[in-house]
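Database features, via Swiss-Prot:
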REGION    1-27  region 'Disordered'
COMPBIAS  1-11  compositional bias 'Polar residues'
COMPBIAS  18-27  compositional bias 'Polar residues'
REGION    56-83  region 'Disordered'
COMPBIAS  60-83  compositional bias 'Basic and acidic residues'
DOMAIN    71-169  domain 'CMP/dCMP-type deaminase 1'
BINDING   HIS110, CYS135, CYS138  Zn(2+) 1 binding site
MOTIF     272-284  motif 'Nuclear export signal'
BINDING   HIS399, CYS427, CYS430  Zn(2+) 2 binding site
ACT_SITE  GLU401  active site, proton donor
REGION    481-515  region 'Disordered'
COMPBIAS  486-515  compositional bias 'Basic and acidic residues'
MOTIF     489-511  motif 'Bipartite nuclear localization signal'
Amino acid sequence: MKEAGQMQNLESARAGRSVSTQTGSMTGQIPRLSKVNLFTLLSLWMELFPAVEAQRQKSQKNEEGKHGPLGDNEEMTRVSTDKRQVKRTGLVVVKNMKIVGLHCSSEDLHAGQIALIKHGSRLKNCDLYFSRKPCSACLKMIVNAGVNRISYWPADPEISLLTEASSSEDAKLDAKAVERLKSNSRAHVCVLLQPLVCYMVQFVEETSYKCDFIQKITKTLPDANTDFYYECKQERIKEYEMLFLVSNEEMHKQILMTIGLENLCENPYFSNLRQNMKDLILLLATVASSVPNFKHFGFYCSNPEQINEIHNQSLPQEIARHCMVQARLLAYRTEDHKTGVGAVIWAEGKSRSCDGTGAMYFVGCGYNAFPVGSEYADFPHMDDKQKDREIRKFRYIIHAEQNALTFRCQEIKPEERSMIFVTKCPCDECVPLIKGAGIKQIYAGDVDVGKKKADISYMRFGELEGVSKFTWQLNPSEAYGLEQNEPERRENGVLRPVPQKEEQHQDKKLRLGIH
């Protein structure tokens, strides 16, 4: 019990230090996701990375409307729901509190093995966040590489103790081997789960519904049934609870005791642990629902002349959505009290690698924040409502795209296809940086395209040439169908139906997953 109490006190202290700036020293006025919880959520999300080859095949048919609700998750959850002993696992590699790797298991290799192949001796002094407790085969190599800390999600481990296909004896022997490796290594193998700060879940729910992607749907299709977002969220919650939680409390206690967490099996530690896990799953489901697989919406080329040319070069919609959710999670680390923005950069190599992400590999990520090392009172925090332009924040905030480029862990290679996913349209300050860095594709919302605000403008994005732009919109082919059947108008270059009399549309209800 003493160990459990010390762990909670330690993590509470860490939570207090990591809820703010890039240096973790500021306390803001809005709820913020701690870095530990961000890394944990990203590890869970990486476990759900779409199977690349299957998605490329499915992308050719993704407009036929054959999938049920949340059809984009069928392939993502196939491996996790399959009754196999080795569970698919997501992994986040962190060095100096910066993400340097996002990985997931492949058909041939575990996540820990992939990390060794990709990073090698560079894993020394890194922190690793697993979506499941790693097996002994992975742990021995990771420990040998000199990692600093290994954190894992305290549910069913990588060698499953729950599935019918697992050999109970083999799984327990592996768990014992893991404990022996843990007790005899210098690496700290632990559970890092922090309670969410006050009102965090409520804040995420409100901002997810108001985000550009959901609002674009409601603006483009004004006759939409607005319950679609909440229905999507409920489906995601059910799905993720089945994947990442152990519904039976006694079974959960048995797993915890088997994997060396018997000190967490007594209340209040056990009930607190389960509540923290449920809260994080709710948050993940909420954010994932903000970029939904809905009707014919997705990331498409805005220029009709380039649609046929660029289609074969674009990512499958499921992968594009997955990467955008990564950026949405990053946005909850923002230091901007008004607008949180997240950005993540990926690249695609010439050939498929051993990673579960296929040929794609992580390059860098960021969120909008004040300069590294700054304190809360060092810079102004006022927005354009402040008449005195000298004390506004816009001259001091580092944009998400800028942080992603600055702290990238890989070089951007001109011969490879690189892509950046941004939760909002890149502004005029960032567009030339993205092009100059050699990034080939931009995935973003287009709600602000062509707008000029008090302190920031979005004029260059629409005029940008030499970089493929895929914005969140109704599939242009579907928009063309609307053009043939209904009056239309254009909003940011996208066909939009003109609202008709309410009685003409009262029977039209949008359905989830028809994509």
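Backbone N, Cα and C define each Cβ position, glycine as well.
Note that the structure is predicted; figures quoted are calculated from it, not measured.
Listed in sequence order, VAL341, ASN368, CYS427, GLU429, CYS430 are the same-chain residues at least 6 apart in sequence whose CB falls under 8 Å from the CB of HIS399 (Zn(2+) 2 binding site). Local packing around the binding-site residues CYS135, CYS138, CYS430 was summarised as the count of other Cβ atoms within 10 Å of each Cβ; on this measure the leading residue is CYS138. Look at GLU401 (active site, proton donor): DSSP puts it in a helix.
Away from its own ends, the motif 'Nuclear export signal' (272-284) comes close to residues 8, 37, 40-41, 44-45, 153-155, 191, 193-196, 200-201, 204, 236-237, 240-241, 244-245, 249, 252, 264, 329 of its chain (Cβ-Cβ under 8 Å, at least six residues beyond either end). The residues of the domain 'CMP/dCMP-type deaminase 1' (71-169), classed with DSSP into helix (H, G, I), strand (E, B) and coil, number 35 helix, 23 strand, 41 coil. Those residues of the chain, other than HIS110, CYS135, CYS138, with a C-beta within 8 angstroms of the mean position of the Zn(2+) 1 site C-beta atoms are VAL86, THR89, ALA111, GLY112, GLN113, PRO134, SER136, ALA137, LEU139, GLU158, ILE159. In the motif 'Nuclear export signal' (272-284), helix, strand and coil residues by DSSP number 13 helix, 0 strand, 0 coil.
In sequence order, ALA400, GLU401, GLN402, PRO426, ASP428, GLU429, VAL431, LEU433, ILE456 are the same-chain residues whose CB sits within 8 A of the CB centroid of HIS399, CYS427, CYS430, the residues recorded for Zn(2+) 2 being left out. Applying an 8 A CB threshold to same-chain residues 6+ apart, the list for the residue listed as 'active site, proton donor' reads ALA343, GLY366, ILE420, VAL422, PRO426, CYS430, LEU433, ILE434. Taking the Cβ of HIS110 (Zn(2+) 1 binding site) as reference, residues of its chain lying under 8 Å away and at least six apart in sequence are, in sequence order, VAL86, THR89, PRO134, CYS135, ALA137, CYS138, GLU158. Model confidence over the domain 'CMP/dCMP-type deaminase 1' (71-169) stands at 87, taken as the mean pLDDT rounded to a whole number. Residue environment of CYS427 (Zn(2+) 2 binding site) contains 22 other Cβ atoms, counted within 10 Å of its Cβ in all protein chains.
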